[in-house]
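Pulled from TrEMBL:
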COMPBIAS  1-11  compositional bias 'Polar residues'
COMPBIAS  15-26  compositional bias 'Basic and acidic residues'
COMPBIAS  43-52  compositional bias 'Basic and acidic residues'
DOMAIN    133-700  domain 'Major facilitator superfamily (MFS) profile'
REGION    1-95  region 'Disordered'
TRANSMEM  131-154  transmembrane segment
TRANSMEM  174-192  transmembrane segment
TRANSMEM  199-216  transmembrane segment
TRANSMEM  222-246  transmembrane segment
TRANSMEM  258-280  transmembrane segment
TRANSMEM  300-319  transmembrane segment
TRANSMEM  413-433  transmembrane segment
TRANSMEM  558-581  transmembrane segment
TRANSMEM  588-608  transmembrane segment
TRANSMEM  614-635  transmembrane segment
TRANSMEM  647-670  transmembrane segment
TRANSMEM  676-696  transmembrane segment
Amino acid sequence: MDDGYRNTNLYQGGRDTHQVSDDYRYQDGNYEGYTSNDGYYRGGDEPTHEEDAQSDVTEGHDEDDEVYEGEYQGIPHPDDIKAKQKQRAPAGDDDYRDRADLMAERMEDEEQLAHQYENIIEECGHGRFQWTLFFVLGLALMADGVELFVVGFVLPSAEKDMCLSSSNKGMLGLIVYLGMMVGAVMLGGLADKLGRKKCLIISLSINAAFAFLSSFVQGYGFFLFCRLISGLGIGGSLPIVFAYFSEFLSREKRGEHLSWLCMFWMIGGIFASAMAWSIIPHYGWGFSMGTKYHFHSWRVFVLVCSLPCIASLVALKFMPESPRFLLEMGKHDEAWMILKQVHDTNMRAKGEPERVFTVSYIKTPKQVDEFIEIQSSTGTWYQRWLVRITTTFKQVWDNVLYCLTAQYRMNTLILAVVWFTMALSYYGLIVWFPDMIRYLQEEAYESRVKIFDEEEVSHFTFNFTLENQIHRNGEYRNDKFIGMKFKEVRFEDSLFEECYFEDVTSSETFFENCTIISTVFYNTDLYEHKFINCRLINSTFLKEKEGCHLDFEEDNDFLIYLVSFLGSLSVLPGNIISALLMDKIGRIKMIGGSMLISAVCCFFLFFGNSESAMIGWQCLFCGASIAAWNALDVITVELYPTDKRATAFGILNGLCKFGAILGNSIFASFVGITKVVPILLASSALVGGGLLALRLPETRDQVLM
């Protein structure tokens with residue numbers, strides 16, 4: 001590991017000393033050159049061993065001193081040798097020191113660095129640089145918000161394009177959360193070892209590539225795989241974004257501006273809702289290549305939803321790495337240059353370009369990790385890469401275990417419960433709300449059903465749409481059904497004799513206990529499963545339609561998009577309030593208060609028996625709960641040290657996505673059965689999590705460790 005240091009103003013526990021140091025090379029655990037016993041790097045101007053010997057001959061002796069007989073022969077005095085060896089020992093014997101001592105020294109260094117870094121960030125100011133990074137990282141967070149809505153919006157169309165069963169639709173809805181769960185843990189851990197910027201670029205690249213690809217693939221299996229990997233990429237971005245941005249913010253600005261950053265998640269939901277509303281109903285916005293390849297409007301929507309991720313990825317190329325992370329890695333000069341860039345950018349924007357960045361040296365913590373560097377001549381290329389990858393993942397796993405050590409165990413467990421209960425109730429309810437609204441619509445739709453009993457029709461041609469009808473005990477002889485659509489139509493105990501069906505498409509249409517004699521079905525989608533306990537006598541099925549052929553424009557109800565749009569927009573007041581009050585009332589009160597108010601909103605869902613009431617309570621619930629989400633993001637960033645921050649955030653966010661998967665599965669299963677279980681489960685989870693959150697330590701007055 002080669003890092004050069006050229007330092008002049010040394011910071012140590014509030015004392016300023018002046019040392020001039022030259023470049024050092026780390027080799028075999030020792031530093032070439034003079035190493036002091038205070039843990040700081042010095043050297044460069046130190047004389048060589050010959051110069052030491054010569055100086056012993058001519059310097060440091062008064063006339064009255066006793067003369068060492070070997071002095072004039074160039075032999076150092078034994079006392080000088082012992083003193084120099086003693087002086088070198090702390091740096092040279094690091095490999096033999098107890099690891100606990102090294103960790104204690106590193107923790108002391110980190111505490112000094114934390115206070116010094118806070119002063120440096122305050123000197124750099126809050127200005128153009130932070131706002132530029134705010135919008136770049138905001139686009140990445142916006143991409144995360146978009147990803148959660150994409151599948152829900154495309155399902156009504158994709159299920160017909162791919163003929164998805166109910167189980168396939170459920171899997172497609174959950175697969176994104178599964179990818180996010182894995183990505184948060186894996187990429188969040190890597191960000192503490194490889195760097196915030198590098199891992200965020202990897203995360204966004206994975207998401208952009210597979211989100212783009214998913215809009216073109218035709219098969220259900222490939223589409224499912226692309227959405228899984230896309231979710232894995234965007235899931236890793238969330239913990240990195242908050243860790244990255246927090247390390248450019250001072251203590252006074254951190255809570256407020258991390259809360260403002262959360263607004264981009266809301267913007268992502270609004271963007272997805274607006275694009276779905278504008279694009280998906282226009283089924284003609286696409287093209288076909290033969291009979292096998294179709295690119296319909298919902299695929300255009302998927303393509304458009306990848307734009308925020310691509311924009312963030314391009315802009316991120318022009319942003320620097322986190323200097324706080326670089327200091328943890330011992331890269332002093334790189335960190336100093338970035339901090340100077342932040343300072344100069346902000347000062348120029350404020351009209352004070354003459355302001356000089358006064359920091360010349362920043363404390364770097366003791367490096368205790370054992371890095372293995374394999375020479376190019378050792379083994380094959382894949383063996384070298386295997387060792388590096390194995391070593392990196394071992395270090396990530398050590399970070400995961402570190403979050404459960406005695407110092408952080410209680411905070412980690414409490415945060416885990418709060419994240420889980422919040423996700424279980426929130427994600428469960430935001431899926432339950434649209435399902436309940438759809439169920440209420442279906443109930444109203446079924447209440448308008450038309451019933452026809454014992455009708456007799458013969459020698460008639462049906463060439464129009466039949467919708468929401470039930471035909472019982474009817475008789476149809478020599479009738480033709482040509483170029484027509486059946487939507488929510490049931491034929492029960494009816495007779496079809498010498499009829500002819502051609503170019504017929506159907507949705508939720510079934511024949512029950514019917515007798516069908518000498519009837520021809522040509523180019524229809526009336527498949528075998530649509531005939532329940534029917535007798536087919538001398539009937540013929542010719543050229544059945546392939547795939548699903550329904551009218552997408554009629555089936556896409558704009559109310560679905562409106563509900564999601566209003567739900568996303570309703571968090572705006574909560575976002576503004578939480579940002580303004582985050583540093584005034586504190587993170588803990590914000591979490592507890594927000595979760596308890598959300599629980600009260602859940603309770604009043606018992607009185608929501610109409611579409612408008614459900615939409616209103618959804619908006620109120622989303623607006624009340626967003627403050628808890630913002631405070632959770634902030635306190636998770638602040639409770640853990642820099643070299644564990646993204647790892648801890650990734651673990652907790654992964655657990656959050658696991659809670660989302662459970663919430664979606666549990667709450668959806670009770671739609672149309674009872675409202676009691678979802679409401680009581682969500683309310684009790686929010687109350688329990690909110691009360692437990694009050695046991696967390698308040699972090700608004702702490703420096704970022």
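The backbone N, Cα and C atoms fix where each Cβ goes, glycine too.
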**Message:** Same chain only, please: residues at least 6 beyond the ends of the transmembrane segment (222-246) with a C-beta under 8 Å from a C-beta of the stretch. Say none if there are none.
**Reply:** 133-134, 137, 140-141, 143-144, 147, 150-151, 158, 162, 171-172, 175-184, 186-188, 190-191, 196-197, 199-200, 202-211, 213-214, 254, 257-258, 261, 309, 322, 633, 636-638, 645-646, 649-650, 653-654, 657, 704
**Complete:** Contact set of the transmembrane segment (614-635) with the rest of its chain, CB cutoff 8 A exclusive, min separation 6+ beyond the ends, reads 242, 254-255, 258-259, 262, 266, 415, 418-419, 422, 426, 429-430, 433, 436-437, 440, 563, 566-575, 577-579, 582, 587-588, 590-591, 593-595, 597-598, 601-602, 604-605, 608, 690, 696, 699
**Message:** Using Cβ distances below 8 Å and needing 3 or more such pairs, separated by at least 6 in sequence, tell me whether the transmembrane segment (676-696) contacts the transmembrane segment (413-433).
**Reply:** yes
**Prompt:** For the domain 'Major facilitator superfamily (MFS) profile' (133-700), what's the model's average pLDDT?
**Reply:** 82
**Asked** So which of 174-192, 300-319, 413-433, 588-608 is most in touch with the transmembrane segment (647-670), counting Cβ pairs under 8 Å?
**Response** 413-433
**Chain residues in Cβ proximity to the transmembrane segment (258-280) (below 8 Å; excluding those fewer than six residues from its ends, i.e. six or more beyond)** = 134, 137-139, 141-150, 153-154, 157, 241-242, 245-246, 249, 297-298, 300-301, 304-305, 308, 552, 556, 558, 561-562, 564-565, 567-569, 571-572, 575, 578-579, 582, 626, 629-631, 633-634, 637
**For the transmembrane segment (413-433), sequence-distant contacts whose Cβ falls under 8 Å of one of its Cβ atoms, 6 or more beyond its ends** = 152, 173, 177, 563, 567, 591, 595, 598, 602, 614-615, 618, 621-622, 625, 628-629, 632, 635-636, 639, 651-653, 655-660, 662-664, 666-668, 670-671, 678, 681-683, 685-686, 688-690, 692-693, 695-696
**Message:** Counting only residues 6 or more past its boundaries, what in the same chain has a CB within less than 8 Å of a CB in the transmembrane segment (174-192)?
**Reply:** 147-148, 150-151, 199-200, 202-203, 206, 224, 227-240, 243, 325, 392, 396-397, 399-400, 427, 642-647, 649-651, 653-658, 660-661, 664-665
